[in-house]
Structure formats: structure tokens, C-alpha cells
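The structure appears below as C-alpha cells.
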Amino acid sequence: MDEETRHSLECIQANQIFPRKQLIREDENLQVPFLELHGESTEFVGRAEDAIIALSNYRLHIKFKESLVNVPLQLIESVECRDIFQLHLTCKDCKVIRCQFSTFEQCQEWLKRLNNAIRPPAKIEDLFSFAYHAWCMEVYASEKEQHGDLCRPGEHVTSRFKNEVERMGFDMNNAWRISNINEKYKLCGSYPQELIVPAWITDKELESVSSFRSWKRIPAVIYRHQSNGAVIARCGQPEVSWWGWRNADDEHLVQSVAKACASDSRSSGSKLSTRNTSRDFPNGGDLSDVEFDSSLSNASGAESLAIQPQKLLILDARSYAAAVANRAKGGGCECPEYYPNCEVVFMGMANIHSIRRSFQSLRLLCTQMPDPGNWLSALESTKWLHHLSVLLKSALLVVHAVDQDQRPVLVHCSDGWDRTPQIVALAKLLLDPYYRTIEGFQVLVEMEWLDFGHKFADRCGHGENSDDLNERCPVFLQWLDCVHQLQRQFPCSFEFNEAFLVKLVQHTYSCLFGTFLCNNAKERGEKHTQERTCSVWSLLRAGNKAFKNLLYSSQSEAVLYPVCHVRNLMLWSAVYLPCPSPTTPVDDSCAPYPAPGTSPDDPPLSRLPKTRSYDNLTTACDNTVPLASRRCSDPSLNEKWQEHRRSLELSSLAGPGEDPLSADSLGKPTRVPGGAELSVAAGVAEGQMENILQEATKEESGVEEPAHRAGIEIQEGKEDPLLEKESRRKTPEASAIGLHQDPELGDAALRSHLDMSWPLFSQGISEQQSGLSVLLSSLQVPPRGEDSLEVPVEQFRIEEIAEGREEAVLPIPVDAKVGYGTSQSCSLLPSQVPFETRGPNVDSSTDMLVEDKVKSVSGPQGHHRSCLVNSGKDRLPQTMEPSPSETSLVERPQVGSVVHRTSLGSTLSLTRSPCALPLAECKEGLVCNGAPETENRASEQPPGLSTLQMYPTPNGHCANGEAGRSKDSLSRQLSAMSCSSAHLHSRNLHHKWLHSHSGRPSATSSPDQPSRSHLDDDGMSVYTDTIQQRLRQIESGHQQEVETLKKQVQELKSRLESQYLTSSLHFNGDFGDEVTSIPDSESNLDQNCLSRCSTEIFSEASWEQVDKQDTEMTRWLPDHLAAHCYACDSAFWLASRKHHCRNCGNVFCSSCCNQKVPVPSQQLFEPSRVCKSCYSSLHPTSSSIDLELDKPIAATSN
């Protein structure tokens, strides 16, 4: 049997072991209200009194009208019935959930179901992490490398012991050695297989010591201070008992730790420098009574002083009374008389039973009324913050001894797996900046908590038959709370943010990953959890921007000294007092900041609120909360507004000094790299905006200012002032778009064209019960300088009304008058055009075109004029009056428009032709995409199509050849046909999303499925940090500025190359036929511009713009030329393979080139390996964190 066949059989067997269960619906109309993970199967779906409740083999999901609860089953500690009809769920992370039912029988039925679901597993394979991994294996059967990247931790975790020994600089020649006495866990089942001990301690002595220490947990070194050589060691309590036993080998080992530390300090100190002073010695602080003159400054004197070991600090986490009481159970503490040169300190930390009671009191307090009058006193009575204070003080004592006193420290409690890892892990975090990075923190957790046997299965309650409640205690959660306190005090010292810690708390209990299963490494090895489950570090990886602290500075304090008083500590509200997740993103429809997803390197993760027309608003409001940003897209809402839709809506012009990141809402203009402004209505669907603007022209006024600057006056038609005010309030998104159309173009020509093109237009509209509202908003021409004036011209909508005969209504525009001293007519395009839909089922991949030839507008001197010109900032705008030809434009289609339907089959959009403004300087093109609207408001959508995102297009200018001689001239109008190629960008995004989101299979949208914007890829609720979100917006704005500068440099380079080619052509005397194209290309700054080829008005009508990169294949860098990774500069060797990026061709290591995405430019339409930089530009979606602020930032306090 070949390997492939055997692998496929293994996948089949794995899925047979974890089969999907039959779904039981209490109501046939109910659907699963969430998207299931791989291996997840929903068992029950029913209705509570005011919610929909669903239970799967992984989670409990309760969808209320205005919020939702999404909890993994293993996070629930207990379920009980209260008040007959109410279920009371207590969670292990301090949350309490209440669910009300209509009948007592229904309440009891769900009580029984939940108690069966949360019962500790009979065997470990019953935990969801095994089913999740098995089903993932089937999905990735054809992509083994990608599967490994997704489910495995990094090399820094798998090779942690060797890397840490080298990084901390242990002297393995003279002072220390690595003992393999615990190989295959034959000495101690809860210890790692490799231990660091003094070099002269033999394995036989270690065996003797193990008989004297609790659970055979002998003293082992875990950390070395890289500057002074002081170390931290850990162990279990000595088994002194009432008989006062002692062990000579144990006493020798403890003293040897101090001697080896002194020896290691001497050897490392001699390597550093020859300039020795008292502070260079490990006992420099004790030299104050020595007259340090030249006679003692020689090498022999320094060496003799360094040999003397420092006094070792034995830190016992217990109180003295508790340590003495443990002698009755065979334990005890070190006797100072038996351990010379040692100091014993008792910290008085509470045991797990006291911590559990304190946590239960805290949980009870957090479930009370939101604002109890005695909150602070009640919080103090729980003693939770007091326990955190004692823990921080204990760790700080270790830090002070190692860093300042340069003394070695030995830490233990009773057994050495609860309070001991808390102290040593916290001390290492304070001492070493490496552990404050994401990778270092992962290594810290793996070594101090997992390798040294913290009993996660017993403490978290997900072990096999772990019914003993006395063994449960949130020890690891308490430690994470201390880390959170450090984050608050040192916001710039941690690479990871609070969301990282919140995720770690959730997955400590969720059992989605196998990292925290079992009680020790021996059990995990026997159960093969590493091979059969995914690692939590694959989610909390260093490359995930959602968990990076943007305030982090690697140059921050090397050693942290926090304030440990209770008054300086704060309750961790994100974990203990979380806000309920909104049901849908429409709850937070007012975003106070512009969308940060404007940079390709910063993919968006949230959704914009949607705007729709409803047949029955009452029904719509029953399903979700009302939209705050809803506009009058339904005729039944505002008849007065419908009667005056012809009025021109103008948005306020942004001042030249406006902060690009200070827009108060998405409806306000947002600066983009080219200087253009984009104001996006909060309710426009993503696919609609994308198709509207994807082929939009790269517009800029190409007219240099004449000696006397001309102004543009804009005036709305005669209209009721109250109505005008109302229309401005209801549609503040009205935008500026420069359009050209000859007013003399007859109705006959347009109607003739309409007869041919309108059936195609109407055929693209599918019949739906709810209407669409498509809004093109606020695309303003980027100004050349301060003196430019942006002229808002028109917005247009398409509304599909579900009443009898379907109609699409286009509002009648107001003709604009543009004057250079005298007014020139520049009529704005279409009006109201009713049409019938051809059928309910229209293929979604069809792209419809509506084209027409548009004549240019001639100015007084015979040159072509534009509606958008540069104007003096001191001039007032002139008048833009309605034209008499306005009424003749009724029932005309949008000239030069392109109709698209997205791949989701429900979006109709009207798209401006890329060259609607002829031969104006084409500067920065924009593509916006918002959330694609489907038939159902609450349908599932790809997260990659979720947030407004702008994709800059190649930069350049399109100027007429005559512009060099006549500064104020504009060039000809191109036909819409020249730019009518259909872009399928939204379809490509959807295709990429299907390939990239591997954590969940596809699901059919249903009326009960909410939007997934508040659920992360791990099925948990998304945690949002407003401060980090704002920082990402600032970072995004900075990246945009950098990209703009890069493009300007490229533009100048192209201009220089163009001038060089032109000058060389004249110099060589080549005046062949090509000379006719020189005037058209002299001023052209874009090599790809359509107007470079001819001066004929419509000669490019049959040409299509082709990017130069589209015709070239990426040239790969040869393997033999790449010795280091192009991104991280790490050297390649046997275990670090070389990987080519299929997009840029450079060579990377596996961690820097671990993403897969289609690369259409290289004819690679299946997911192919690319580097992280190319992945960010090719893939508009990424997991996990919402880059757009959904709520205004508000200060909170506990």
C-alpha cells in the first residue's frame, strides 16, 4: 500500500471516529445561528423566551435580540435551574449567564442537555480538540505544509530548551551541565526530560535528592541572569516530616547551585572586560568594607573574590505556619542550620482552596446589579486583588535578589506546580525583555507551566473523570491577571496586547486546542496530543497583528519594578466584567473614525452597517435593532423626499488642512494616498461600492491655473429650504463627481441607444423581496494644491422597490454650468428610468454594459473644458444652474456606466467608466468595497468582504499633448467603450476567502444566521480594544503617506525616463511615423495611459488598458544566491528550508513564507505559497481583529 492510499485511509478513519450528530430542531423553521468549525456539529436548536439557543459539541450559543452569548462547553462550570423558568450558568472565567424559558418542561429539558454536555469526559478523546484536528486533517489532506503551519507551534517552541540554554549563556564547560536522568520521565513524571544542574553533581546524587523532595521534584535551574550570572531554581518541598529528616545530597546540591553560579559569573565576567570594579563582581555589594586599592585590583585578587558564592535565597511561597503544618503530612521546609550560606523567606501566599473561595466570591460580586453601592468594599472583601498583590510582591523579591543583589534564588511551595510557577514565571517576565515578546511569552508558558507539570486538567476540570471540585482552582488565570496588571503599568514593554491575554484565558478552558490538556508532559506524550490536536500558539502567533501592542518598544526598561500595592491594582474588566457582544454589526452603526482598512497591508475585519429597503419594517425591527444610519431608500418612509429626489445633494467641502484621520464618521470625506477624498455611506454594501468605484476613473484636473483664476459657482435648483435641509440631513453622503455630456446630444440619439442597451441593463436586476440601495458618494477630485476647489456635482441611486412591477429609479440630476468668465453648459447625466426586471433568476456572473458616446465640452478658445478645475481659494463659487435640457433627459440611462453583479448574486451596481473624465490627469484611483448584501440581512458573509477598503491603483497622469503649449486646455472625451472591461474583483475576493478561511466549512445562509462580525475564527467572541484600534488607524495613515511618497518617486522616475526617451529619439534623428505620437506622450506621466497612442478622439475605443506587470512573469531568485531569509535574515540550514514566494520571487524561510493565496498575475489560480508582505497585498482579509471602531471611544473606570 503506497503512502497516499494509507494517508487517505487514516483520514477516513479519523472522521469515522468523530461522526457528525443528528440535528434536533424544536421548530422546523430554526436554523443553526452560527457558522460551525471543522468537526463541530450542532445537536439542538430551540427557542428560549426571548432568544434562540443552540448547543453543539463545542459551544453553547444564545442569540438574544440585542446581544449574543457564545461560550465553549468546557468553560461552563455548572448549570442550575432557578426561578422555575430560568437557567443559571456559571462559567470558569467568572462569567454568569442567565437564560429564561417559556415553560418549566423546556427549562428542565435544556438543563438536562447542558449537564450532559459539560460533564467531564470519560476519555480524553471526547474533548472537542481531537475532533477539530481530525476534521482539519481531512480538509488539508492535499496541503500538508499548510496544515502544519496552522496547527503546530513555531520552532521557537519546539526547540525551546536548547535555544534558551544558548540564549541565557550558561557555562556548560565548567559550571553547569544538562542531565538526562529524567529521560522518558523515569525519575519524575511531572518534570521535563532535560534538567540543568551544577556540573559536578552526579545522576546518582540526583536520585538520592529525588527521594527527599516532594513528588521527586528536585532543585533544577530554570533561568540565568545574562549580566551577573545569578540563577533561579525551582523544586518541591523537602520531606522533613515530624521526624526532622535531612539529606546530605540535597544540602550539597542546594549549596552547589550557589557555587556554580559564582563560577559561571567569574567566567562570564572575565570574558566581558578587563576593567573590573566592585560592581563587576557577583558580591560587589559586600565590598564596601574593603579598602579597594591597586594591590587588590590584579587578576588573582578578582578571581579569589569571585569564587566566594553569594548567599542563596530560599523563597517558600507558603506562610511559616503552613510550612510547619505540612510536616504532619510528611513535608516541611528547609532548616537554616542544615543549609549553610542560605536564607529562608516565607511569603505567606494562600493555597489553592483559599484562591478558589476568593474567586467564587469575586464571581458572585460580578453577577450582582451593575452598580452596587458597596462595590469597592465588596471587591476588597473578596481578597482577589490582595492575592494578586502578594504574588507580585513575591516575584518582585526574586527580581530584586537576582538583579540587584546578584544572588541565586530557589523557589518552592508545597508540591511545586501551583504557586511556584506563578512566582518564577512572573519573575522571569520582569527580569528578561525576551519573555515580554510574543514568542518569548509562548516559551515562558511552555517551560514553566507545561514542562514543569502544572495540573491543567485538574485545575481547569477537563481531565478524564475529574469530578473532584477541590482540585479545581484558577491558578493560571490568576497569573495571567498579574501579567495584565503589569501591562497596565508598563504599556510600552509588552509586544502582545490585552486581546492576546483574553484569548489565552478563553482557550485555557475551551479545549479547542490541545496545548493545555492533561496534567503534565508525560501524559500529553502518552495521549499523543501534539500529533492529534492543534496548538493554541498557531492562533496566538507572532505574525497575527490582532495581538500586537502598537505601543511596544523593544528599547523599554530591561527590568521591570512594578508597584504591588492593592490600591495600584485594577479589576480585569475584559475578563470578569465583559460587555455582551452585539447580535449584528448594525448595533454599532456610527463609527467615529475612518476605516483603517485603507492600507493593503492592514486588512479589515469588521463590517459596515447595511442599508436596505424593507417591505415590512416591523418585521425587520423584530429581528434586529433599528439602523441609526438608515437613509430614505424606501418610498414609504418619506413621500416628500421621493417627490424631490431630483434635487442636487451637496456635501460640505473639506478644508485643505483637515486631518486625514479625524473624520467623525464614515459619511465624512476620508483622505486617501493620492489626495482624493472618499466619503462612504455607512450603509452601502461592499460589493456595490466595489463595483461602483473599481473601474472609476483616476481623475485629477489637468488644467494649470491661468493668469486670472476662474471660479465655479454651484447653486441648487429652486427648492423648499426646509426640504433642502432635510435632504442634507438624510443623505449627508452626497458626493462630488465630475461628469461630461454634451447638452446638444439629442434625445433621439439617447433613446436609440437606450433601445439597444437598456434590455441588457434591466436583465441584470434580480427580483428580490427587499430592495437595494446603491449610493455613489463623495468621490472628490484630488486637488493639485491649496488653491484647488473641489466641486460636488451629483449622487445617484438605484432603488429596487418590491411592489407589483419592479422599478429601478435614477434621480434626475441638475445640469451644471461651468464658466471661464462665461458659463459653459456641462449637463449632469441621467434621470428617472423605470424598467421591469426580466426574471428572478439571473446569472450572477453576468456583467452588463451601458455605453454611449459622449461629446466633449468645448470652451471659448476651442479647447475642451472640465467640470473640475483649479480655482483660487479666495474666489467664491459661481453659479451652477439647472439647464432647460434637464427635462429632456428623462428616461435616459447613465451614460458611460457599467452594471455589474457580484459573485454573491445579489448586488446590482452602477459603475462609472474609468475614463469618464477625458484626458484629465489620472491620479490616484480608488476601489471601495463594503459588505456584500445578500437576500437575508443576517446571512453569512466572507469576513474579507466586510469593511470599506480602498485599493490604490497605479499612479500616473493622462494629459493631452497640447497641454504643454496651452496650460488651460483639457483634452478629449474618451468613449465609455474604451474602458468597459469588466472587473471581477469581488469574485476574486470571495474565491480567496474560501481558500483561506480553513477553520470553518461553508454554510448556507439562513434567516436565523447572524452576521459573523462578532465571532472570531476560533468561534469565540471578538475582543476589541479601542486604544489599539485607534493606534492601527494612525499606523495605517502613516503607511498611506509612505505609499504616496513612494508613488510620487516612481512618478518622477517615469517622467524622467519619458523625457530621456523623447530626447534620445530627437537626438538620433528618428522622425519616422512614430513622431505623430510624440505630442500626445510628452506630457504623459503614465506608461499605461490609453492616450499615448493617438490623437484621434475615439481611436482608443477598442483598446483595453494593460498593466505592464500583467505581461511579465516573476523571475525567481536562484537558490544558490540566497543564504538568508529575505524577510527575517535568518540563515538557511538543514532544518530551515528555502521557500520561494510565487508573487515576488524572493527566498524566505518557512515562517516568513507560510501563507497561501491565489496569484492571478502569475497565472496561479489555486492557493500558492507567498510571503507575508505579498499575502497582505493579495489577500484583503485576515483573521481576527476588527480594524474599524464600531463604537465611540469612551473612558471607563472600575
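Just so you know, glycine gets a Cβ as well, placed from its N, Cα and C.
Residue annotated by Swiss-Prot as phosphoserine (from the set Ser159, Ser647, Ser858, Ser969): Ser647. Within the list Ser866, Ser909, Ser1184, the entry that Swiss-Prot describes as phosphoserine is Ser909. Candidates Ser8, Ser288, Ser636 were compared with Swiss-Prot; the annotation phosphoserine appears at Ser8.
Averaged across the domain 'Myotubularin phosphatase' (155-576), the predicted model reaches a pLDDT of 88. Across the structure, Cys1149 (Zn(2+) 1 binding site) and Cys1171 (Zn(2+) 2 binding site) are spaced 9 Å apart at their Cα atoms. Using a 10 Å Cα-Cα cut-off from Cys1152 (Zn(2+) 1 binding site), the binding-site residues that qualify among Cys1144, Cys1171, Cys1174 are Cys1171.
Secondary structure of the zinc finger (1119-1179), assigned with DSSP and counted as helix (H, G, I), strand (E, B) and coil, comes to 13 helix, 20 strand, 28 coil. Cys1125 (Zn(2+) 1 binding site): 22 other CB atoms within 10 A of its CB, across all protein chains. For Cys1144 (Zn(2+) 2 binding site), the nearest of the recorded positions Ser1064, Cys1125, Cys1128 in terms of C-alpha separation is Cys1125. Other than the site residues Cys1125, Cys1128, Cys1149, Cys1152, same-chain residues with C-beta atoms no more than 8 angstroms from the centre of those residues' C-beta atoms, the Zn(2+) 1 site, are His1124, Tyr1126, Ala1127, Asp1129, Ser1130, Phe1148, Ser1150, Ser1151, Cys1153.
The Cβ neighbour count for Cys1128 (Zn(2+) 1 binding site), using a 10 Å radius over every protein chain in view, is 11.
Taking the mean position of the Cβ atoms of Cys1141, Cys1144, Cys1171, Cys1174 as the Zn(2+) 2 site, the remaining same-chain residues with a Cβ inside 8 Å of that point are Arg1142, Asn1143, Gly1145, Asn1146, Phe1148, Cys1153, Val1170, Lys1172, Ser1173, Tyr1175. According to its DSSP assignment, Ser1064 (phosphoserine) is helical.
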